[in-house]
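J.: Checked Swiss-Prot, it gives:
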| type | residues | note |
| --- | --- | --- |
| SIGNAL | 1-21 | signal peptide |
| DOMAIN | 22-210 | domain 'Albumin 1' |
| CARBOHYD | N33 | N-linked glycosylation site |
| DISULFID | C77-C86 | disulfide bond |
| CARBOHYD | N109 | N-linked glycosylation site |
| DISULFID | C148-C193 | disulfide bond |
| DISULFID | C192-C201 | disulfide bond |
| DOMAIN | 211-403 | domain 'Albumin 2' |
| REGION | 215-319 | region 'Binding pocket for hydrophobic ligands' |
| DISULFID | C224-C270 | disulfide bond |
| DISULFID | C269-C277 | disulfide bond |
| DISULFID | C340-C385 | disulfide bond |
| CARBOHYD | N383 | N-linked glycosylation site |
| DISULFID | C384-C393 | disulfide bond |
| CARBOHYD | N402 | N-linked glycosylation site |
| DOMAIN | 404-599 | domain 'Albumin 3' |
| DISULFID | C416-C462 | disulfide bond |
| DISULFID | C461-C470 | disulfide bond |
| DISULFID | C483-C499 | disulfide bond |
| CARBOHYD | N488 | N-linked glycosylation site |
| DISULFID | C498-C509 | disulfide bond |
| DISULFID | C580-C589 | disulfide bond |
Amino acid sequence: MKLLKLTGFIFFLFFLTESLTLPTQPRDIENFNSTQKFIEDNIEYITIIAFAQYVQEATFEEMEKLVKDMVEYKDRCMADKTLPECSKLPNNVLQEKICAMEGLPQKHNFSHCCSKVDAQRRLCFFYNKKSDVGFLPPFPTLDPEEKCQAYESNRESLLNHFLYEVARRNPFVFAPTLLTVAVHFEEVAKSCCEEQNKVNCLQTRAIPVTQYLKAFSSYQKHVCGALLKFGTKVVHFIYIAILSQKFPKIEFKELISLVEDVSSNYDGCCEGDVVQCIRDTSKVMNHICSKQDSISSKIKECCEKKIPERGQCIINSNKDDRPKDLSLREGKFTDSENVCQERDADPDTFFAKFTFEYSRRHPDLSIPELLRIVQIYKDLLRNCCNTENPPGCYRYAEDKFNETTEKSLKMVQQECKHFQNLGKDGLKYHYLIRLTKIAPQLSTEELVSLGEKMVTAFTTCCTLSEEFACVDNLADLVFGELCGVNENRTINPAVDHCCKTNFAFRRPCFESLKADKTYVPPPFSQDLFTFHADMCQSQNEELQRKTDRFLVNLVKLKHELTDEELQSLFTNFANVVDKCCKAESPEVCFNEESPKIGN
């Protein structure tokens, strides 16, 4: 298998799909051919990702059998493209071969998907994915010396194992992202294995790779969840806002062309159609670079790079400069006498234009806030256009926009103040209690992960000049992850209402939630309050995870207690751990002190 070189197959966070059509222009043909060659050269990696995401429980050995089968299929089709099997969509071929593996569908409980065909089967495989991967064993780790020996002796096997383990734990992450992570992983391994201090090098250089994966995972799940719960129109408006901020000089007609190119058929990437996702990501990149003069002045150098590098370059490029002739506000949406008539003539285009004009004038606002303003404007016109004097009614729209922005800003300022007062750990415990109270039905691991991500939003953003947009964007991703990708996911009535009622106002909805009154706590178990000397032998990170899990389980068990009472019990726990780990006999100390924690 050839060395992966897909670092640039990303555009912002836009791994989106569109219908596959044969290229007609020379530039399109060149782009299609280079993308096709990449897919052919990396069929093994692509198969690993698809199989590991569709059948997360499958063993590495089972995956190897499918890889061998897919490579043979590719070789047959390259030798004779007229074979009947070569006219099928790659994702259909892959799923057919997965279903044909003897005993596999029954062993891993997906035989019901194999009884379906085409779109129904693809959707079934998608719904079979599990975001909570607690059923998988811990991520296998190697001693740095062993890892380097494995890399030097069998690089291909190490990379295959790595991609398999990462893909099965991230079933909704798009293929280009996972391939890019594999590129970065190999770069880290190759560089650090030549260093004398391999441990420090691997630990330090692995952090940005992990952060990259987490960030893209959250975003992609968020947008796929929006697509499945709210439909294409919401995704369309998300990208109008994003692209208008990034490229404020773009013409509206060109923007809509790009947005449609980007968001028209998002299904492929969200479903896990790996080949289609890669093809269409490349097409989006080509679209941008073929129209760069009318899109942005910041991407010229990026577009001169080859396909593997240009995407990453565009991601890292700054927002384009605001056009000098762009007024601070666009009056035609609030001052014109004909607003209602223009809205009625073509509502979708009218509100798309409003989103475009408002977003490119407000690069300081978050995407959720821009969508809230669009919703407020829609609601305002729905009311005003039914009055005797519509212009006199919607003339004050800007006041409404400023009012909601001020409200959102105060929420962020209050949360950042909490962070400053409580510190990182204190804020995390605050959110672990809060999230567990509103969604106690979630698994302990999922709640711990959500709490960590919420705290990351504040530690990342609360010291930045663009604090508001940063916090609001990242916190919205956390709630998107809580809601999940699957449209059929249910947690409890209050949470489900926030997840499914209004995408733009999802976060304010969550902020207003109280403890779930429908929840029935599990029976009391003294095991929760029983600790042993191994607590003292845990490394810092492991001890922190145990502490976080204890707090979540404590809230689940004593759901009726106030935050202050829960904090008091948690303080008792922390004091016992501190006391016993300093004792001459930690085990004896834990046996004596543990029962007192829950009292």
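Each residue, glycine too, has its Cβ placed from N, Cα and C.
I'm curious about the neighbourhood of these features; can you describe it?
T.: Averaged across the domain 'Albumin 1' (22-210), pLDDT for the predicted model comes to 86.
Non-local neighbourhood of C77 (disulfide bond): L83, E85, C86, each in the same chain, at least six residues away, with C-beta under 8 Å from its C-beta.
Sequence-distant contacts of N109 (N-linked glycosylation site), defined by Cβ-Cβ distance under 8 angstroms and a gap of at least six in the same chain, do not exist.
Note on C148 (disulfide bond): other Cβ atoms within 10 Å of its Cβ, all shown chains, come to 20.
Long-range Cβ contacts of C192 (disulfide bond) within its own chain (separation 6+, distance under 8 Å): P144, C148, K198, C201, L202, R205.
Helix, strand and coil residue tallies for the region 'Binding pocket for hydrophobic ligands' (215-319), in that order: 83 helix, 0 strand, 22 coil [DSSP].
Counting only residues at least six positions away in the same chain, the Cβ atoms of V339, C340, R343, D344, Y394 sit under 8 Å from the Cβ of C385 (disulfide bond).
Sequence-distant neighbours of N383 (N-linked glycosylation site): residues of the same chain at least 6 apart with a C-beta under 8 Å from its C-beta are C393.
DSSP gives C393 (disulfide bond) a helix state.
N402 (N-linked glycosylation site) falls within a helical segment according to DSSP.
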J.: Compute the C-alpha separation of C498 (disulfide bond) from C193 (disulfide bond), stating it in Å without decimals.
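T.: Computed Cα spacing between C498 (disulfide bond) and C193 (disulfide bond) is 48 Å.
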J.: How many Å lie between the Cα of C461 (disulfide bond) and the Cα of C483 (disulfide bond)?
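T.: Computed Cα spacing between C461 (disulfide bond) and C483 (disulfide bond) is 23 Å.
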J.: Have a look at the disulfide-bonded residues (C86, C277, C384) and report the one with the fewest Cβ neighbours inside 10 Å.
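T.: Result for the disulfide-bonded residues C86, C277, C384: minimum number of other Cβ atoms within 10 Å at C86.
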J.: Within 10 Å of C509 (disulfide bond) by C-alpha distance: pick out those among the recorded positions C270, C277, N402, C416, and say none if nothing qualifies.
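T.: Neighbours among recorded positions: none.
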J.: Helix, strand or coil for C462 (disulfide bond)? Use DSSP.
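T.: Coil, per DSSP.
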J.: Report the same-chain neighbours of C589 (disulfide bond): residues 6+ apart in sequence with Cβ closer than 8 Å to its Cβ, ordered by sequence.
T.: K579, C580, A583
J.: Could you measure between C269 (disulfide bond) and C483 (disulfide bond) for me? Cα positions, answer in whole angstrom.
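T.: About 19 Å separate the Cα atoms of these two residues.
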